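Chemist: Sending over a structure as structure tokens; questions will come in a sec.
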Amino acid sequence: MLTALELIGIAVFAASGALAAVRARLDVFGVIVLALTTALGGGLTRDVLLGVHPPTALVTWPYLAVAGGTGLVVFWYHPTVAKLRRSVLLLDAIGLGLFVTAGTTTALLLGTPEYTACLIGVVTGIGGGVLRDVLLREIPLVLRQEIYAVAALGGALVVVLGHVAGLPAGPVSILASALIAGVRLLALWRRWNAPTAPKLDG
Amino acid sequence: MLTALELIGIAVFAASGALAAVRARLDVFGVIVLALTTALGGGLTRDVLLGVHPPTALVTWPYLAVAGGTGLVVFWYHPTVAKLRRSVLLLDAIGLGLFVTAGTTTALLLGTPEYTACLIGVVTGIGGGVLRDVLLREIPLVLRQEIYAVAALGGALVVVLGHVAGLPAGPVSILASALIAGVRLLALWRRWNAPTAPKLDG
Amino acid sequence: MLTALELIGIAVFAASGALAAVRARLDVFGVIVLALTTALGGGLTRDVLLGVHPPTALVTWPYLAVAGGTGLVVFWYHPTVAKLRRSVLLLDAIGLGLFVTAGTTTALLLGTPEYTACLIGVVTGIGGGVLRDVLLREIPLVLRQEIYAVAALGGALVVVLGHVAGLPAGPVSILASALIAGVRLLALWRRWNAPTAPKLDG
């Protein structure tokens with residue numbers, strides 16, 4: 001079941017990358033490259049930080065097929081997909097939840113300290129989107145708006161606390177993923193934003 | 001011979017990075033840093049993904065000397081080099097062929113699955129140019145135009161098929177490199193471009 | 001003492017990242033993320049290149065606490081910090097010195113060749129600032145202005161020469177750090193810049 005959910009997360013992130021690439025007028029290959037980068041970038045970064053060589057994403061062909069195939073589908077059908085913007089935001093929030101949870105769990109299983117696992121989980125969740133935005137010359141969305149990073153960190157904390165308390169991993173993962181997705185969607189729905197600094201004089 | 005060809009590839013990519021840096025009005029140190037990054041970035045990325053520590057490019061001083069020296073030469077003589085723009089594009093295509101082939105071969109020798117080796121070969125070939133463009137705040141050229149990524153992937157496939165079929169590595173490498181360079185140059189010459197998506201309504 | 005100096009370097013780089021984020025109108029979480037990235041990015045890059053898994057910065061909680069806490073302090077008190085711009089530049093130069101020296105020393109201790117250690121030291125010193133600027137869509141400052149990279153490389157050379165000559169590491173480190181900071185500050189003070197190429201005709 002976790003694998004199925006992971007593949008959904010990959011498809012969702014791939015769709016967000018592909019849509020952003022279509023908006024930037026990239027050609028079909030650019031769209032596929034950006035779909036792959038957005039969907040797999042977070043996991044690649046996690047594996048490079050943890051020393052997993054070669055990274056899981058590069059040796060698991062279903063991940064590649066789902067990410068690339070999603071990019072192609074978005075390229076051909078993007079007007080429809082664009083109209084589904086709300087669905088994409090919903091799925092994107094679910095993808096964030098799944099990726100943060102999976103990244104934190106992977107780091108814990110490899111024996112990293114708890115706070116390190118939290119950080120690596122957050123990096124896994126946000127890494128793909130950061131790469132997408134940097135390649136398209138945007139300031140990464142996660143830096144600019146909404147309670148994105150905090151939702152991710154909160155969910156990673158739930159995974160770690162469950163691990164420390166010896167709770168079963170399955171239900172804790174589902175709870176953490178739902179928490180991240182829920183907070184993220186609430187922030188979008190209610191237009192929650194964190195404070196920005198008052199205007200700079202200098 | 002392969003080493004000689006690799007050094008040519010490094011020089012060519014270093015020249016493309018240095019020229020881009022000169023156009024962005026960087027000072028002499030910026031030009032050299034960008035020459036090094038463009039020439040060695042693809043190989044660095046490959047080695048980080050494969051777990052080769054420290055990366056080959058950082059422990060092979062001729063690579064560093066050729067890349068840095070080329071950057072310096074371009075800085076001093078760039079009006080001439082700029083007039084040689086066609087030659088640079090020619091050499092750049094050859095460099096792409098050599099880097100993709102070398103990257104794919106390195107990955108196969110380390111025992112990665114065939115499709116993983118293809119991806120790592122492509123990353124080796126395009127990584128340096130992506131870093132160059134990101135540092136100069138451009139959307140990477142490989143995402144925007146031309147049959148660049150497809151030529152790279154096709155050449156990597158040839159290397160892998162030759163490996164699976166047990167053909168001798170030398171001739172296959174030369175064939176793959178020539179194929180990549182040839183397709184890339186044809187695309188430039190005929191102004192082939194991949195389709196972009198029709199205009200987005202939303 | 002070295003640890004205390006390292007923590008000072010981390011705080012200083014975190015402050016520079018946080019101030020840049022405040023100027024880009026990021027929210028409080030964006031400011032903290034950028035403080036962490038700027039302060040820890042150079043060390044992360046060094047550890048990824050050297051194969052230190054997981055990277056030191058992610059398993060040393062005081063580093064994280066100092067970097068994140070500095071980001072928070074800058075966010076709340078930034079008008080004051082902005083008025084302290086000279087102090088920040090002073091501390092930034094000291095941070096560069098400490099990071100280059102620490103990075104070069106780490107690479108030498110892991111047995112890399114001397115010139116590799118120099119390069120890794122320079123990457124450690126400049127990596128955080130490059131990430132900061134790329135995330136904020138700036139051409140990295142180190143590429144555009146001032147004798148930044150050269151000061152870093154010169155200091156790394158001093159560390160390596162001291163190592164080869166068998167001199168005691170402590171005084172050599174202090175000398176190298178002071179040299180880097182001094183050259184950097186002199187360049188700022190005297191507005192030294194490296195030559196840029198004459199205007200391009202093409």
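For all residues, glycine too, the Cβ spot is worked out from N, Cα and C.
What TrEMBL shows for this protein is this:
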- C:4-78: domain 'Glycine transporter' (DOMAIN)
- C:90-162: domain 'Glycine transporter' (DOMAIN)
- C:58-77: transmembrane segment (TRANSMEM)
- C:89-109: transmembrane segment (TRANSMEM)
- C:115-135: transmembrane segment (TRANSMEM)
- C:147-166: transmembrane segment (TRANSMEM)
- C:172-189: transmembrane segment (TRANSMEM)
Chemist: Does the transmembrane segment (C:172-189) reach the transmembrane segment (C:58-77), going by 3 or more CB pairs under 8 Å (6 or more apart in sequence)?
Modeler: no
Chemist: Helix, strand, coil residue numbers for the domain 'Glycine transporter' (C:4-78) per DSSP?
Modeler: 64 helix, 1 strand, 10 coil
Chemist: According to DSSP, how is the domain 'Glycine transporter' (C:90-162) divided among helix, strand and coil residues?
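Modeler: Result for the domain 'Glycine transporter' (C:90-162), in helix, strand, coil order: 61 helix, 0 strand, 12 coil.
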Chemist: What same-chain residues lie close to the transmembrane segment (C:147-166): Cβ under 8 Å, and 6 or more beyond its ends?
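Modeler: Long-range Cβ neighbours of the transmembrane segment (C:147-166): 96-97, 100-101, 103-105, 108, 114-115, 117-119, 121-122, 125-126, 141, 172-173, 175-177, 179-180, 183-184, 187, 192-194.
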Chemist: Restricting to the domain 'Glycine transporter' (C:4-78), report the mean pLDDT as a whole number.
Modeler: 90
